[in-house]
Amino acid sequence: MAQPDNQSKRFFESLSGAGKSIAVLTSGGDAQGMNAAVRAVVRMGIYVGAKVYFIREGYQGMVDGGEDNIKEASWESVSSMLQMGGTVIGSARCKEFRSHEGRLKAAHNLVQRGITNLCVIGGDGSLTGANLFREEWSGLLEELVQQGLIDEDAVQKYSALHIVGMVGSIDNDFCGTDMTIGTDSALHRIIEVVDAIMTTAQSHQRTFVLEVMGRHCGYLALVSALACGADWVLIPEMPPEDGWEEKMCQKLSANRAGMKRLNIIIVAEGAIDCNNKPITTDHVKDLVVRCLGFDTRVTILGHVQRGGTPSAFDRILASRMGVEAVIALLETTANTPACVVSLCGNQAVRLPLMECVQMTQEVQKAMDEKKFEEAVKLRGRSFENNLKTYKLLAHRKLESELPHSNFNIAVLNVGAPAAGMNAAVRSAVRVGISEGHKMFAVNDGFEGFYKGQIKEIKWADVGGWTGQGGSLLGTKRTLPAKYVEKIAEQMRAHNINALLVIGGFEALECLLQLYEARSNYEEFCIPMCMLPATISNNVPGTDLSIGADTALNSIVETCDRIKQSASGTKRRVFIIETMGGYCGYLASVGGLAAGADAAYIYEEPFDIRDLQSNVEHLTEKMKGAIQRGLVLRNENSNENYTTDFIYQLYSEEGRGVFDCRKNVLGHMQQGGAPSPFDRNFGTKISAKAMLWLTKKMNETFRQGRVFANTEDTCCLLGMRRRALVFQPVVQLKDETDFVHRIPKEQWWLKLRPLMKILAKYKTSYDVSDSGQLEHVVRNIRPKESDTSGAM
């Protein structure tokens, strides 16, 4: 585990940073996760042999110079930084850098330290400034020569400035990336507040109007409205039409009439009407009070959204982006344009910085010109799909407006509960009803199915489900094979025309068994779709599962608290056991997000030599400035090297240097309210699955009945790299290890070297998978794929 192999040797030859200097700065508004990005840049830079510098207080520090502002970073200087919000190296808006004289001072300060590689973490303004600095670089050096501040040798030696950007902004308003660093954490803050407000609103039958940040971008408002099931949302990209006030009041009134005791209205701070006139929270409140007489309160979330610890998603995103940024800097040549490292689906990509900035500016221009549809498309497919899903779910059609399909769809949960299942069921029920279908809920999985625990479920029945953890329908691990005849009877009795199964590995096995049963029972010759929902993230055919993000956040929050418990004490190592069956996703990705020193998993076999090597590695670190160590172990990683064994080994071998504690996290990973990601992911893929089922039922309707017996009518909807894809479950058999209930190939194994590098191990890192420079794709044609696994 601790030894470099041949691949890492190749890596050092092809990507050596020896003799190079890299500086990292954070600029503009702060965002949670910036520290994780700084940590990754520093440690990856040192790992490849480069000198790495902090530039404190953003561009102001670069202009002012001095030892305090531009300081060489060490490995230890970024310890305990991962879980901190904001940016510990400071950020400031700098007027001086906007002037030529300011940039001249900045260039002089960089040349004095031999810095020609800049990693800038900020918004579009900060990145535009960096690009201008790069373009002026050679001219600035000539001026410095003329002023006698540097010599000609320095001009030759430092002739090119290389820049890589990472977007740190809670607004998620930068084109070219699905998610900016800080957005997911801001959504966590918003949803925490909304969940808390809903309990008090329900007690008093109140309406709450909430204002969220985002400047001229409605992403935070839109996604939080989706994640909490808000009654109404107002965003700049979708101004309400004339007469919206009356429509909104009608909807609020109808919801109250349907026994709902509260209303939530979310207003983006840049919300406007179709005449570009601002819509304020006070205006909305006055409207509700005047027209409906409801007890109404306003809550402006403000800078709460920027504060607090970063979420697991932001830590992983920032760590991946930071490592990718260093690789991009090492690979740049004098002709490489400044690039921004971004996320597309589940993949890191590099895009030309100015292409992204120009498209971001085009969004505002389109909005100023009232071309709102164009603005939505320019925001990207992720934003557009969020908006489409919200429109599908938000407004209940009147009976007279519904298409009459005469189709019945059953929805059920299978396997262990996972946070986000309820959001998926709610989405399925409401989209199904909007499509004109009758929706049936099956309690307790296939066990409830064969017992006849099936009843029609209505629009109002799923109100308030998005924020609830577990499975409100009930879920069991029972497989259908033994009970196919009884299940077929129930399907006949209720005339079920399609099936939506939400669950983990058992759900896949269930669909495979039902597919096999088609040859004997025509009742199973119907479209069937599975949505992956399991904290273990062990389902083949998808990179992500509903529930895994909530479990990761539970692990990371607990690890933060456990590490904090050792502050002020002697040096201590914590051994923590995670769930996941044989799948090491939670241990590996949780380890990356929590800053673990090692993570033991089944997929990467280890022996006593590896354990010994890890103990020695930790002992060496603990003799220095590091005071706390963290080791994660997947519950089924090895039947002999148990958590107790590893705890006892570390305790004995670390005697005199550090002491040990162990913690088994257990079912707390399965509980709790779903994270914003899981609510949103569950909602969107469920809506997409329902539209697919509708299409398949219409395609296979013959002679008064649905008859679907082909492979492509029994599918799993999963996220693969950059797209959501429907895959026949039969074709997934070859990709599956059924004995250990895991996929044969798992994308996240490529993240394990990052964890090891950031924990100071020499290891191989496959740079062939690093993002190549691409171009910004304009979202002008409708497309099936949705790159928003990142929301």
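Along the chain as shown, residues are numbered 1 onward.
Backbone N, Cα and C define each Cβ position, glycine as well.
Taken from TrEMBL, the feature active site, proton acceptor applies to D171. Annotated ATP binding site per TrEMBL: G29, R93, C94, G123, D124, G125, S126, in sequence order. The Mg(2+) binding site feature in TrEMBL is assigned to D124. Residues or ranges marked as substrate binding site in TrEMBL: S169, I170, D171, R206, M213, G214, R215, E269, R297, H303, V304, Q305, R306. Marked as beta-D-fructose 2,6-bisphosphate binding site by TrEMBL: R477, 534-538, R572, 579-581, E635, R661, 667-670, R741. Annotated domain 'Phosphofructokinase' per TrEMBL: 22-328, 408-692, in sequence order. Residues or ranges marked as region 'C-terminal regulatory PFK domain 2' in TrEMBL: 408-791.
Location within the structure of each feature annotated in TrEMBL.
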{"residue": "G29", "record": "ATP binding site", "Cβ contacts under 8 Å, 6 or more apart": "S91, G123, S169, I170, R306"}
{"residue": "D124", "record": "ATP binding site", "Cβ contacts under 8 Å, 6 or more apart": "V167, D173, F174, C356, V357, T360, Q361"}
{"residue": "G125", "record": "ATP binding site", "Cβ contacts under 8 Å, 6 or more apart": "G28"}
{"residue": "S126", "record": "ATP binding site", "Cβ contacts under 8 Å, 6 or more apart": "S27, G28, G58, Y59, V120, G165"}
{"residue": "R297", "record": "substrate binding site", "Cβ contacts under 8 Å, 6 or more apart": "R206, T207, F208, V209, K285"}
{"residue": "V304", "record": "substrate binding site", "Cβ contacts under 8 Å, 6 or more apart": "R189, V193"}
{"residue": "R572", "record": "beta-D-fructose 2,6-bisphosphate binding site", "Cβ contacts under 8 Å, 6 or more apart": "A566, Q627, R628, G629, F658, D659, C660, R661"}
{"residue": "H667", "record": "beta-D-fructose 2,6-bisphosphate binding site", "Cβ contacts under 8 Å, 6 or more apart": "M579"}
{"residue": "Q670", "record": "beta-D-fructose 2,6-bisphosphate binding site", "Cβ contacts under 8 Å, 6 or more apart": "A416, P417, A418, A419, I535, G547, A551, M579"}
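In the structure as shown, the Cβ atom of R215 (substrate binding site) sits within 10 Å of 17 other Cβ atoms. Excluding G29, R93, C94, G123, D124, G125, S126 themselves, the residues of that chain whose CB lies within 8 A of the CB mean position for the ATP site are, in sequence, S27, G28, G58, G122, G129. Listed in sequence order, the recorded positions near M213 (substrate binding site) (C-alpha within 10 Å of its C-alpha) are D171, out of R93, D171, R477, G581. In this structure the alpha carbons, written CA, of R93 (ATP binding site) and R215 (substrate binding site) are 17 Å apart. Binding residues for substrate (S169, I170, D171, R206, M213, G214, R215, E269, R297, H303, V304, Q305, R306) extend across at most 33 Å, taking the greatest CA-CA distance. Distances between the Cα of R215 (substrate binding site) and those of the recorded positions D171, R477, S536, G581 are shortest for D171.
Over the region 'C-terminal regulatory PFK domain 2' (408-791), the average per-residue pLDDT in this prediction is 92. Within the same chain, the residues at least 6 positions away from C94 (ATP binding site) whose Cβ sits under 8 Å from its Cβ are S27, G58, Y59, Q60, V63, G102, listed in sequence order. Summarising the ATP site geometry, the residues cited as binding it (G29, R93, C94, G123, D124, G125, S126) extend over a maximum Cα to Cα distance of 14 Å. Spatially, by CA atoms, the binding-site residues R477, S536, G581 include one closest to D171 (active site, proton acceptor), and that is S536. Listed in sequence order, the residues of the same chain lying 6 or more apart from R477 (beta-D-fructose 2,6-bisphosphate binding site) and placing their CB within less than 8 Å of its CB are V414, G415, A416, G445, E506.
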